[in-house]
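Trainee: This is the structure I have questions about; it appears just below.
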């Protein structure tokens, strides 16, 4: 074996603790429901005997001459010729595959090569169960290409457990796997999200003195990137180049896409430059990845430069490229440029897809141009453009945020009339809108309709309902909904907890709020004073979220428990969480009211140090408490 085939364990983890060894490579899974019985093709009718015999003889001849591509084409013709006229291919697949098997088996004394070709042809025709049945009927193992084809077919059908068992069986029947076999198995590990097992497959391959190829390296890089192991993926990429293998466009795109998802577009661009130096010509996928990456970090100018560079490489712009540019322009706050990109897409003769309209409507709504967004959506409807729920949901959500619930409901109705069913996002926006204005009865009615239609509420739905009840004095109902969501397997998030905490604080139940948060965090609670007096250093980090901290600080402050609020603030800072300006303002005002000016100045200095900007205007409680009127006693001035 050449030095270019290191153990992946040493490649990735030299100098580090190796990953724990996974269970044995070859897992056992039931085969019972995976393929028709071996006798399923008994007594199956065949096509015209003369035509079947001619095709079968031609398949045998092509297989004997090792012209497998031609043999596969002929075999597909034989299978199609065996289909019953007037019936769908799927319904006649077992019969036609059986007839093809019979024709090939009866026209040669050594039909094994041609029957192996039949397995390949059936896999390519996506008749996987029929291919498995033929495989089961063969007394001897077919040649390796047929084994690889059936394993690959199982991967594409996402029947991963069966793939492992069939590989185990093939080994027991004498198969000598190739690099193609192992590439398929590493791909199984990728789909299963098991990089440890992929490492085991790699090491087993190297142990058999089989060198990895470009596909092997690329598949492993893809598996690592999908599991967030970008550092390990970079090391495999480096080892690939050291082994003298040229990464292909797919290899580069996998890494570039992973960097862009982490908003590290600079690293992605370095890879793009390396790609060009290696002599590869970028395609539309590469350009889409980079353009989308630049747009996500609001570097619209560089995204546009990439777009203008496409013709130099003979790459025509695609709808996804225009979609990324439009999205980037909107996120950069330039709606005019975004709409200009939309017009440019039309001038290229490209039809907007369903995502295009959603991007435009959402972008216009985010920019406060709700009327323009509504006119655009209506024009798209009338022109017969492709629309999905996303475009309607963007408009519904914006109407709800503006308190225009009548128009939000009307948009939802038009959505249904256009044949697009409202989804969990549609209903949640309406529920949140009615909860915001205190109409919990209407919010619950929408919730009931949603559940009746079989649409499962998510954590955002429940949180909106809980918030509506909690802020309008229905704390008991809020806790009933909290219990219901847990019973239905929907886990509360930090906002859910914060809303309930705020509801308790509004009813002057600060101790209950602290108890609730501590129970949520897995801490023991005796009373409020003992918690702040006796908490150990280890407990300082148990309350997991800054929003929860700030909600509690607010509740303690309005309950005139300024010492406890300051103590909780201290825990928050020790945990590395960054308070907002509202929280700092509360505490600074509290310290000033108590006469602790030096403490107030220290808090102000800390605020400046971590980059939280003070405000010179009337400050209203943040999102969680946004319903507090401006003349409420809990409004503060900074």
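Start at 1 and count along the chain as shown; that gives each residue its number.
Backbone N, Cα and C define each Cβ position, glycine as well.
Worth saying up front: this structure is predicted, and the values here are computed from it rather than measured.
Straight out of TrEMBL:
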type   : residues : note
REPEAT : 143-177  : repeat 'PPR'
REPEAT : 178-212  : repeat 'PPR'
REPEAT : 213-247  : repeat 'PPR'
REPEAT : 248-282  : repeat 'PPR'
REPEAT : 283-317  : repeat 'PPR'
REPEAT : 318-352  : repeat 'PPR'
REPEAT : 388-422  : repeat 'PPR'
REPEAT : 423-457  : repeat 'PPR'
REPEAT : 458-492  : repeat 'PPR'
REPEAT : 580-614  : repeat 'PPR'
Trainee: For a three-state summary based on DSSP, what are the helix, strand and coil counts in the repeat 'PPR' (458-492)?
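Mentor: Counting residues per DSSP class in the repeat 'PPR' (458-492), I get 26 helix, 0 strand, 9 coil.
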Trainee: Across the repeat 'PPR' (143-177), what are the DSSP residue counts per state (helix, strand, coil)?
Mentor: 26 helix, 0 strand, 9 coil
Trainee: Tally of helix, strand and coil residues over the repeat 'PPR' (423-457) according to DSSP?
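Mentor: Residue counts for the repeat 'PPR' (423-457) by secondary structure: 26 helix, 0 strand, 9 coil.
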